[in-house]
Amino acid sequence: MIQYSSKFNNAKVLVLGDVMLDRYWFGATNRISPEAPVPVVKVQGIEERAGGAANVAMNIASLSVPVALHGLIGQDDAGRALDKLLNSHNIQNHCVALDSHPTITKLRILSRHQQLLRLDFEEGFHHVASDSLLAKLEQEITAYGALILSDYGKGTLESVQQMIQVARKAGVPTLIDPKGTDFERYRGATLLTPNMSEFEAVVGHCKDDDEIVEKGLKLIADFELTALLVTRSEKGMTLLRPNQAPFHLPTQAKEVYDVTGAGDTVISVLATAIADGRPYEEACYLANAAAGVVVGKLGTSTVTPTELENAIHHREETGFGILAEDELKRAVEQAKQRGEKIVMTNGCFDILHPGHVSYLENARKLGDRLIVAVNTDESVKRLKGESRPINDLNARMAVLAGLASVDWVVPFAEDTPQRLIGEILPNLLVKGGDYKPEEIAGSQEVWANGGEVKVLNFENGCSTTNVIKKIQASK
């Protein structure tokens, strides 16, 4: 079974940005105030959590990864509360405490798991000299595998361009969750992680995935970025890089409880994985899995290694996901014993596009379980040429396994999956395109076992070749 690991043995991350304290008041609400048409909350519990850049650092620390935090706080109770929180999680707290400004604090009042009100206590740190932060960064940057600049628009990162240049000179990747529409500030960064609304505020409305890719690649070129990760809420996330195919990941969130701090979790896991030397695709997969966990929690939260491990192998525990051939045989046998109808299809799935997604959804509707057999990299080269595949086998299978319509993904090394289909013997064999049923590899084996063979149509205009042509045309 192909696995991603939630252990980051070689990672070390530095976080610099807008530090905040999140306070939560929890209580019961049973009546409306006689003074005004507002609920009366009887406070029954108070909780304090790290927010902003401090929450980013907490996310990294929760993964058992060494992390240091640089930022600005006040010499006040909130600042001392933050210091205590950070120290309790073994975070190196290098925040500068100022007597001229209070610590940025956000107070949320909740009842029955619903947020009723948020109160912000802040003056921000605009026009506060950040020379000390810059000097500290220059001294320490080479000791880290990644730098996160956590920008909430509160002023700590007024020297962000100089900070980026310090990291570039040291050869350390810089990741930024951007704020506002002035992306010129982030020129030369390694990776930006805007959400969809932030992305469209800069590039304009995008009517479809193709336009997201086109405008995203232009943004990368305009601001000399290495990569761009657009987080798209219920549509997952999209990784873009020059001269490489877009990497789309569907959301893994089962239930969205609270999105507070989800962006912090994404960039934390991304940076940690990159600092650990993981490929960008794997880093995004892990970040996506972590985000799916954290939005199921209340308030500013973190993800533990165990939670991340369970999330990235969430189907493994029930026999689903990416399986080796012998594991798939056992899973299919058990499913057949339960009376489930097994549907099977195959392909290269080099660059997953809407046509693929629609096709797989339609195939899944024809039965209870869907198996997708995927050509290995060498098999794709023999079929498509030396320039293919664009995405390697692990990346292609990871994306397919993330689709709700797909139950099992299995690789095969031959030019056709005929042998594999003969071993699995699905109840229904499905293929997309203009084939005649008798031309489909494995059809004879399925028919001989009393099964069915069906041809489904792809959406018009959707093809991997067309996607590649659009990418080449955008260069």
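Count begins at 1; order follows the chain as displayed.
Just so you know, glycine gets a Cβ as well, placed from its N, Cα and C.
Copied over from Swiss-Prot:
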{"type": "ACT_SITE", "residues": "Asp264", "note": "active site"}
{"type": "BINDING", "residues": "Asn195, Met196, Ser197, Glu198", "note": "ATP binding site"}
{"type": "REGION", "residues": "1-318", "note": "region 'Ribokinase'"}
{"type": "REGION", "residues": "344-475", "note": "region 'Cytidylyltransferase'"}
Other same-chain residues whose Cβ falls within 8 Å of the Cβ centroid of Asn195, Met196, Ser197, Glu198, the recorded ATP site, in sequence order: Pro194, Phe199, Glu200, Ala201, Val230, Thr231, Arg232
Around the Cβ of Asn195 (ATP binding site), the count of other Cβ atoms that are within 10 Å: 20
Length of the line joining the Cα atoms of Asn195 (ATP binding site) and Asp264 (active site), in Å: 12
Most crowded position, judged by CB atoms within 10 A, among Glu198, Asp264 as recorded positions: Asp264
Distance from Asp264 (active site) back to Ser197 (ATP binding site), taken between C-alpha atoms, in Å: 16
Euclidean distance between Cα atoms of Asp264 (active site) and Glu198 (ATP binding site), Å: 15
For the region 'Cytidylyltransferase' (344-475), the number of residues DSSP places in helix, strand and coil: 54 helix, 26 strand, 52 coil
Cβ contacts of Met196 (ATP binding site) (under 8 Å, same chain, 6 or more positions away): Val230, Thr231, Arg232, Ser233, Lys235
